[in-house]
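Heads up: the structure comes next, in structure tokens.
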Amino acid sequence: MVQLRKLLRVLTLMKFPCCVLEVLLCALAAAARGQEMYAPHSIRIEGDVTLGGLFPVHAKGPSGVPCGDIKRENGIHRLEAMLYALDQINSDPNLLPNVTLGARILDTCSRDTYALEQSLTFVQALIQKDTSDVRCTNGEPPVFVKPEKVVGVIGASGSSVSIMVANILRLFQIPQISYASTAPGLSDDRRYDFFSRVVPPDSFQAQAMVDIVKALGWNYVSTLASEGSYGEKGVESFTRISKEAGGLCIAQSVRIPQERKDRTIDFDRIIKQLLDTPNSRAVVIFANDEDIKQILAAAKRADQVGHFLWVGSDSWGSKINPLHQHEDIAEGAITIQPKRATVEGFDAYFTSRTLENNRRNVWFAEYWEENFNCKLTIGGSKKEDTDRKCTGQERIGKDSNYEQEGKVQFVIDAVYAMAHALHHMNKDLCADYRGVCPEMEQAGGKKLLKYIRNVNFNGSAGTPVMFNKNGDAPGRYDIFQYQTTNTSNPGYRLIGQWTDELQLNIEDMQWGKGVREIPPSVCTLPCKPGQRKKTQKGTPCCWTCEPCDGYQYQFDEMTCQHCPYDQRPNENRTGCQDIPIIKLEWHSPWAVIPVFLAMLGIIATIFVMATFIRYNDTPIVRASGRELSYVLLTGIFLCYIITFLMIAKPDVAVCSFRRVFLGLGMCISYAALLTKTNRIYRIFEQGKKSVTAPRLISPTSQLAITSSLISVQLLGVFIWFGVDPPNIIIDYDEHKTMNPEQARGVLKCDITDLQIICSLGYSILLMVTCTVYAIKTRGVPENFNEAKPIGFTMYTTCIVWLAFIPIFFGTAQSAEKLYIQTTTLTISMNLSASVALGMLYMPKVYIIIFHPELNVQKRKRSFKAVVTAATMSSRLSHKPSDRPNGEAKTELCENVDPNNCIPPVRKSVQKSVTWYTIPPTV
């Protein structure tokens, strides 16, 4: 027997010419007849046309035994479904009238090689036998009983069994319609051209399972397959489709061996292997009932209740038997099953079956014992685990649990598909003939196959039954989840369906302990917003999360990109947002102090100017040089005004005024002071040499010189306007800190630090020159035209600006650059103006207002007096020890009359000096 099985397996795999195979099969058929003593059971129903049936009535037996325990659901339910369908068809006057369908139903014992041996029964009638040499003992030729001719086969169940049988049936052109085989390989019309099925292939099922896994957010799963065509091809399809879809990785693929010595140890080892990838909690299963039951038991022994997330194929479907005593480990399992409906007529039929009315089913007594857990008194009972006697009065559904097996509908549809094909064939070939005509008997399987592929009728579920060119049914699946908690009716719950696309009701799903949140099955948890994935080589579903830093944002899952120049990342770094625009506000502490000082200075300047205008003809005002005083006060006023321009909101007009007035106020002030100190210096220097008055010392000349100095500043500003017109910009570099949250865009005029210094540079040059003259005239008697106050003013101003430069440039890289530089510049200009105003004009205003008695005209001096004073000053400066109790008190008349100048008296200077009165010149 073992050798026969091996030979059968080789024959189905090797390609022999049909004639050779037929000769070999003749011998095999004879051998098979001899095996009927070994497995004599089969169901025979007489009819005009006989259909074959292959069902897994029993499970696989242990080593050396072909058949094991009876399969109540997958075996008996399905077998009875065929008998029920035959009864319905034979009683239907509109389907195959005057033709009775018979059957020859065999047990495959869930084993492909055993099924192949059994299927040889179907081809016996087609094998021609040479009996010329055969004689009976009396010398007469024997009379052979011709076996029934099987025109088509319903089955088998397992894909590996169907493949093995299909290889034989195609040689004899016997059409085959399977009710459960879903292996993708059976869609190959070149190898399995006589094979059809009323269930969709696993390629559709695998696509549906991939869609389910992705819909649940799982990207890292393991696969588990029973050894054989169904399991291995199913996993192969799932793996291929998942790779094509992308975003789904297979942690490991585990195969359950068909032949195993110790089942418990093997399944415990499989569970341990699955736990090697703990993050891969989802397990996609393409396995038979027994393997499913064993794997659940092993998971329970490993105390992994709630860890694994099972995704079962249609071999699991909505079956109860594999879950018996393992309901807790199966909690939350998602299963798929070809779309079906409960056939109510079958329920009534099956629950009415008894030992008395179902004698045609040779395995029904064995089913009765297993179903009711009792022992029949008839001989041949196989029930050894109980002493309870069966009464025969038990009833299915009352004394035992009953639920219609998931493939019953498809068994019925397969029988009806064969019947419809025979019906159309009978109408075409036997139009005027009652029953099966000779043409139909001789038509052959190829013609019947053509009719099978063209059937189209509403099946038992109300859905169309049809086949494509490969013999496959369209893909329609129901999706279930096994739920036991928080439900009044524990069991499978319909949660969706798949017909070319997935429809999944996630809100109806629940997991262990009634949890509604979908548990993860990912290699790495999703990255947080603002992080990118860095995949690991070889495992695209495993990654490390790297945060986008600096001014980067998360462009997509894998990439961080820099924000545009004027933007920064948002709070969670999933996009960019505009950088806030800032300017120096009036209410800012950085602006309040300069504005306050400027307002005080403006008020003081206006007060001084008003006082001078009011007392314009008084001696003090006249002696201070009225023309240059008003020019100087104007410059001081502009120095205060620039504070408001520097703080005002930048626009083109404001920026234009900034350029003009930034250095103009200082330029006017220091141009006037320089003219004054230069005049004093020239007068005293000229007095040392001769009594001739120097040139350009009149008020008009002084104004002309001052205007010339100021015009240089204005010329530079106009050139600046021409080369670089005023404009406003938003400077993002100035406040682009390391922390993007602190980044700011500064709205400002298009003026660089260098341009500011250049604009002030000319004024600083005037200031330095004026300081030099102040130093040179430091020896002039203090009453001679403010030489000493001007000197103190310039010294103080230099100190202010020496402090300004390092602060201004030292904060160029500071985040507070806008505030510090603006405040420093405005305060420096305010201080410079205040120093000049305070030292040069406040004493005069004090005398004018509070001591008018001192505001009287003093003696006017001619240039001769100036010369004498200059000579005196020179000598006193060389002989400080000769000064009597301090410096000589002298006064330089503001309006020296050159016509009254007399040559200087060259004589020794006594301790007392006699001054000559010179008539005043107005």
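Heads up, the Cβ atoms here are built off N, Cα and C, so glycines get one too.
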Among CYS523, CYS541, CYS542, CYS545, which cysteine is annotated in Swiss-Prot as forming a disulphide with CYS527?
CYS545
Taking Swiss-Prot at its word that SER159, ALA180, SER181, THR182, TYR230, LYS407 bind L-glutamate, choose the one of ASP69, ASP314, ASP500, ASP508 listed for that site.
ASP314
Whichever of CYS249, CYS770, CYS798 is disulfide-bonded to CYS541 when Swiss-Prot is consulted
CYS249
Average pLDDT across the topological domain 'Cytoplasmic' (776-788), rounded to a whole number:
66
What other residues of the same chain, not counting SER159, ALA180, SER181, THR182, TYR230, ASP314, LYS407, have a CB atom within 8 A of the CB centroid of the L-glutamate site?
SER157, GLY158, SER162, SER178, ALA183, ARG197, VAL199, ASP202, SER315
Listed binding-site residues among ALA180, THR182, ASP314 whose Cα sits within 10 Å of CYS67 (disulfide bond):
none
Minimum Cβ neighbour count within 10 Å among the disulfide-bonded residues CYS545, CYS563, CYS576: which residue?
CYS545
Apart from its near flanks, which chain residues at least 6 from the ends of the transmembrane segment (628-648) lie with a Cβ under 8 angstroms of it?
584, 586, 591, 594-595, 597-599, 601-602, 605-606, 608-609, 612, 621, 654, 657-658, 661-662, 664-673, 675-676, 699, 702-703, 706, 822, 825-826, 829-830, 832-833, 836-837, 840-841
With the transmembrane segment (754-775) as the reference, find which of 591-615, 655-675, 789-810 contributes the most Cβ pairs under 8 Å.
655-675
For TYR230 (L-glutamate binding site), what is the secondary structure by DSSP, using just helix, strand and coil?
helix
Find the longest CA to CA distance in the recorded L-glutamate-binding set SER159, ALA180, SER181, THR182, TYR230, ASP314, LYS407; express it in Å as a whole number.
16
Please report the Cα separation of ASP314 (L-glutamate binding site) and CYS109 (disulfide bond) in Å, rounded to an integer.
20
Of all the recorded positions given, namely CYS109, THR182, CYS430, CYS527, which is spatially nearest to CYS374 (disulfide bond) at the Cα level?
CYS109
